[in-house]
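Per Swiss-Prot, these features apply:
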BINDING   GLY88, ARG154, GLY155, GLY179, ASP180, GLY181, THR182  ATP binding site
BINDING   ASP180  Mg(2+) binding site
SITE      GLY181  site 'Important for substrate specificity'
BINDING   THR208, VAL209, ASP210, MET253, GLY254, ARG255, GLU315, TYR368, ILE369, ILE370, ARG371  substrate binding site
ACT_SITE  ASP210  active site, proton acceptor
Amino acid sequence: MYRIKNENLDFKIDSLGECKQNNPLIDFYASEGSSHFVNEKNKIKFSVYRNEDKGDRYEDVLLEKAGPREKIYFVPRHVKAAITTCGGLCPGFNDVIRSIVRTLWKIYGVRNIYGVKFGYQGLLPESNSPFINLNPDVVDDINKFGGTILGSSRGGIKPVEIVDTLERMNINMIFNIGGDGTQKGSLLIAEEIEKRNLKIAVVGIPKTVDNDFMFVQKSFGFETAVEQAVAAVAGAHFEANSAYNGIGLVKVMGRDSGFIAAHTALSSNDVNFCLIPELDFDIEGPNGFLVHLERRLLEKESLEEIPHAVILIAEGAGQKYFDHFPKKKDDSGNLLYEDIGLYIKDKITEYFKAKNIQFTLKYIDPSYIIRSSPANASDSLYCARLGSNAVHAAMAGKTKMLISLWSTKFVHIPIKMAVIDRNKVNPNGSFWRDVLSSTGQPISMKN
């Protein structure tokens, strides 16, 4: 759900300078008898939607197509590339690292590729972690494992000190794999580089298991997360459907956006209540969640079925119930949310005990299992494409940008646009309508 005015859409990509070097792929394509280079004039339309009555207000908004350029900025043998992985874990971290390394090494002939340990922290002077020399052998099978071989951390965004390190190590391109905070850090690093008139390309690969980046059709790891969450919901459903008034409560990731919860609900078809941050709801009261939960159980019993219910809640839902709590932030500056899952669990318990209604409640929080999982086949393929396109962009001197999938095409997006806001589920859109149709929950649970 995008809320940015047309006049504020600026997708111009910064470049370090004129590209004069021949791309090593020229020889490969020559042997193939064809050329697959991207022309700088090749653009992707921002919007494929058109209202014949009103016209297309995004008609002139175009995105730069990703892919290899015939002329590149850097001389491959002079390249020293660095890779960071930052923030929370996400399925596909290792797949992206592998793709970047293999593309640099096998396509461009780059031999100086460094893995930075523990995110931005590893670029600070006080870091005791030396860079890791990366090559195709080192990353050969890392895609089979969850987590990141480089380690990760939050915070550490000190642009001056980080650029000091990049300059001292003669790094001339850096790939930052991370979420909103990481990419905001990338932008600060790129701006410090610009101040010093250094020729260092800063390219981001957007990582958010919540799928909440602006102008990114799909974040890597998201499909794996939904797949794992569906398995957790299935377990909750089996538990709930095996007990009288059985209730399965599952909490999944989704701080500000409920994409994982919504996609999981629609994928599983076992969810009866899906609670997301985008929609306010009341727990108690005549039209509150608890009343509707009780009604669901009674209706099932009247149909001579096993009365049961499955509730799926995103971690950022219902945070209004903690407004009186002191606010805390993590090292990346993100607001730390209270556990709405446990809160709802306690409220359900209080409600049914007060009414002397027999029930069984199972609470499942698969968050850390989900985010530490290896990428599934679809995400692994996607990560490979993201990594290779990130390398093509950096070699062409593109900077202050990240790789995105948009209208099924890989494109370049300025980092400043990707972090301008959060992508959210549209509660008035067709997708959420389908979720409501699947769960059968009321359109509103507000008193």
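Just so you know, glycine gets a Cβ as well, placed from its N, Cα and C.
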Distance [Cα-Cα, Å, rounded] between ASP180 (ATP binding site) and THR208 (substrate binding site): 8
Candidates GLY88, GLY179, THR182 (binding-site residues) with Cα within 10 Å of ARG371 (substrate binding site): GLY88
DSSP three-state assignment (helix, strand or coil) for GLU315 (substrate binding site): coil
Around the Cβ of THR208 (substrate binding site), the count of other Cβ atoms that are within 10 Å: 26
For ASP180 (ATP binding site), the number of other Cβ atoms found within 10 Å of its own Cβ: 24
Close binding-site residues near GLY88 (ATP binding site), where close means Cα within 10 Å, chosen from THR208, ASP210, GLY254, GLU315, ILE369: THR208
Candidates GLY155, GLY179, GLY181, GLY254: member of the binding-site residues with the richest Cβ shell (10 Å): GLY254
Residues GLY88, ARG154, GLY155, GLY179, ASP180, GLY181, THR182 binding ATP per the record - widest CA separation, whole Å: 12
Site of maximum Cβ density within 10 Å, from binding-site residues ASP210, GLU315: ASP210
Cβ neighbours of GLY88 (ATP binding site) where a neighbour is any other Cβ within 10 Å: 20
Distance check against THR208 (substrate binding site) for the binding-site residues ARG154, GLY155, GLY179, keeping those with Cα within 10 Å: GLY179
